[in-house]
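Following: one structure in structure tokens, then a few remarks.
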Amino acid sequence: MTPTALYPTLGQLRRCTMAVDIGAARTRVYLRGGGLVVDEPSVAAIDTRTGALIAVGKRAETMFGRTPDHIRVARPVAGGAVVDIEMAQRMLRHVLGGKLGRRWMRLRGSPVMRAAVCMPHGSAPIARRAAVETMYGLGARRVEMVDTLISAAVGCGLPVEHPEATMIVVCGAGTTQVAVLSLGSLVAAETVPVGGDAIDRAVVDHLRSNHALMLPSQSVRPLHQALGAPTAGGTATTEVYGRDVASGLARSVMVETEVVRSAMRPPLNAVLDAITSVLRRCAPDLVADLGDRGIMLAGGSAHMPGLDLMLREATNMPVNVAPNPDTVAVRGLGAMIEGKVRPMVLSPLMA
Ligand SMILES: Nc1ncnc2c1ncn2[C@@H]1O[C@H](COP(=O)(O)OP(=O)(O)OP(=O)(O)O)[C@@H](O)[C@H]1O
């Protein structure tokens, strides 16, 4: 098997057939000449008695918390790494269905089946190894890895190859990655193990400890909407439904959106600390560029209403949410394998 490069050239990427982003929440696959063909929750349900795969993706996700004992609903990806390689391979094989086979056949002239994978910034060698093993299981014989921050910046259409600073914050489910880029390189970057899931967990924990209410995960989204809605003076409240911790019965409580907002503050502070730490490591000229251009916010959590506003207030910098923020990384990598990216050298952190 061919060894894997961490910073491949654009030429090496152009030889790849598919671009893959295996995230804690969702798995995305972009096929060369086929576009984004998979965008599914990274979830698989198996029958523990027979080992059979029962469902993957969206269908498996709806089974969470609703299965009998013999069905296990698993997330093969956590904290930015594939933690169950076999399950990840089964899940990918299933969501790709026949799409990959046809693509391999069409590209039979190519001597080696190659895949490009986005890796979270600063991921450990074991996480990279797990991603490579996962792709080998799908038939790839060479795997090129690109830092998610670079592919997301490309996917957002940021002029990363120019000698001026651009800043990107990719807030996913389990991690948030922050970088300042210039001339195709990461000038400074940081990853924190906090994302949309930690923010949701902070809200769930607040309701359990202060209102003795267990909130089902699907009830957190409507609460986000309330948090993002402008308040016309006074104290805004919103009604949430859950299960009483003591009695187990369904009930609702009225919660003040401001109180929920402060419950979300600890995980958000971790994101803010990462932004300030990255800015502190940049030269003043680069920081001056960012004063005008601001921060590009990407990742699925960029959909969270009010997150951009909170970051704007805390940093005093303009914050723009990328169009389709959750798929920018795989679409950026897709643009690289399609050869649609202006020539540049992809390199690790500048010394
Ligand atoms: N409309 C929305 N409102 C609030 N949060 C949202 C919305 N859509 C997605 N999210 C959040 O975005 C997160 C998923 O983001 P994304 O798809 O970028 O994750 P991922 O790439 O799989 O994760 P990671 O990068 O951490 O491996 C989840 O925490 C989810 O709750």
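Backbone N, Cα and C atoms are what each Cβ position is placed from, and that goes for glycine too.
Whatever TrEMBL says is automated annotation, not expert-curated.
When other Cβ atoms within 10 Å of the Cβ of Gly174 (ATP binding site) are tallied across all protein chains shown, the result is 20. Residues annotated as ATP binding site in TrEMBL: Ala173, Gly174, Thr175.
Around the Cβ of Ala173 (ATP binding site), 26 further Cβ atoms fall within 10 Å across all displayed protein chains. Cβ atoms within 8 Å of the centroid of the Cβ atoms of Ala173, Gly174, Thr175 (the ATP site) belong to the same-chain residues Gly23, Ala24, Ala25, Gly79, Gly80, Gly172, Thr176, Pro193, Val194, Gly195, Gly196, Asp197, site residues excluded. In the three-state DSSP assignment, the secondary structure recorded for Gly174 (ATP binding site) is coil.
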